[in-house]
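Per TrEMBL, these features apply:
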- 1-37: region 'Disordered' (REGION)
- 62-81: transmembrane segment (TRANSMEM)
- 96-117: transmembrane segment (TRANSMEM)
- 138-156: transmembrane segment (TRANSMEM)
- 183-201: transmembrane segment (TRANSMEM)
- 213-235: transmembrane segment (TRANSMEM)
- 262-286: transmembrane segment (TRANSMEM)
Amino acid sequence: MEGKEEDVRLGANRYSERQPIGTAAQGGGADEKDYKEPPPAPLFEAEELTSWSFYRAGIAEFLATFLFLYISVLTVMGVVGNPSGSKCGTVGIQGIAWSFGGMIFVLVYCTAGISGGHINPAVTFGLFLARKLSLTRAVFYMAMQCLGAICGAGVVKGFQTTLYQGNGGGANSVAPGYTKGDGLGAEIVGTFVLVYTVFSATDAKRSARDSHVPILAPLPIGFAVFLVHLATIPITGTGINPARSLGAAIIYNKKQAWDDHWIFWVGPFIGAALAAIYHVVVIRAIPFKSRD
C-alpha cells in the first residue's frame with residue numbers, strides 16, 4: 001500500500017510540474033514553445049530528385065487531381081446536360097458545390113500523408129511562398145496536377161463526348177453580365193479563402209495545442225471549397241484551381257474556354273500569395289519573431 005501511495009504522489013508531482021496546454025502559444029510568458037516551428041524549406045533541394053518519396057508524392061498529386069476532375073466535371077455534365085432542361089431533376093448548383101468540396105475533403109484525407117494533399121497549383125504556390133516546400137517540389141507538383149486534370153477531363157469526354165462538347169465541357173469562363181474584373185476579383189477572393197483555410201488547418205502551433213486538428217484538417221478545407229463554389233459558380237463557374245481550369249479548357253478546346261483563361265491563373269495565384277503573406281506576416285508574425 002505504501003508503494004502505491006508513493007507512486008500516486010510521484011505521479012501527481014510530475015503532473016503539477018507540466019505546463020498547461022497552450023499557455024506558451026497564448027503568450028503566457030513561458031520561454032518554451034508548445035510546438036516546434038518547422039525549418040524553412042530550401043529553394044532547391046537536389047537530394048529530392050533521387051528520392052522515391054519525391055516521385056511517389058508527385059504520383060499521388062497526379063492521381064488525386066485526376067479523380068477530382070473526373071468526379072467534379074462529370075457532376076457538372078449531369079446538371080447542365082439534363083435533357084428535361086430543369087435543374088430540379090438533378091443535383092443542381094448545390095450538388096456541384098458538394099461534389100467539388102466533397103472530393104477535396106476525401107482526397108486531402110487520402111493524400112495528406114504522402115504529398116500534403118495539395119491537388120491545386122494555387123495551394124502549392126502559396127505553400128511555396130511560405131517556404132513550406134522547395135521550388136523543385138512545387139514545380140513538380142504543379143506539373144503533375146495539371147497532367148492529372150487533363151487526363152481526368154479527358155476520361156469524362158471519352159464517356160460522354162456529345163454531352164461534353166455540347167455543354168461547355170466544364171470549362172471556366174466569366175458569365176454574361178459580369179466583367180473580367182468581376183471574374184478576376186471572384187477568383188482572387190475565392191482562392192484567398194481556400195489557401196487561408198489550408199494554412200489555418202495545417203498550422204504547426206494549432207496542431208501542437210489541439211491533437212484533433214491534423215485529423216480534422218481535410219474537413220474545413222473541403223468545406224471552404226464547397227462554400228466558395230456556392231458563391232462564385234454564377235460568376236465564373238468557380239476556378240480557384242488553375243489545374244482544374246486548364247484540364248477542362250484543353251479537353252474542351254473551344255474559343256470560349258480560352259477567352260478568359262488567364263483569369264483562372266492570375267486570380268488564384270494572387271489570392272494564394274495574399275493568403276501566404278497574411279498567414280506568415282500577420283497571423284504568425286514570423287518576420288518579427290527574431291526581434292522578440
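Glycine too: its Cβ is placed from the backbone N, Cα and C atoms.
Worth saying up front: this structure is predicted, and the values here are computed from it rather than measured.
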Considering only Cβ pairs within less than 8 angstroms, which of the stretches 96-117, 138-156, 183-201 has the most against the transmembrane segment (62-81)?
138-156
Distant-in-sequence neighbours of the transmembrane segment (183-201), which means Cβ under 8 A and at least six residues beyond its ends:
120, 122-123, 126-127, 130, 174, 213, 216-218, 220-221, 224-225, 227-228, 231-232, 235-236, 238-240, 260, 263-264, 266-272, 274-276, 278-279, 283
Sort out the residues at least 6 away from either end of the transmembrane segment (96-117), same chain, that have Cβ-Cβ distances under 8 Å to it, and list them.
56-58, 60-61, 64, 67-68, 71-72, 75-76, 79, 127, 133, 141, 217-219, 221-227, 229-230, 233, 238
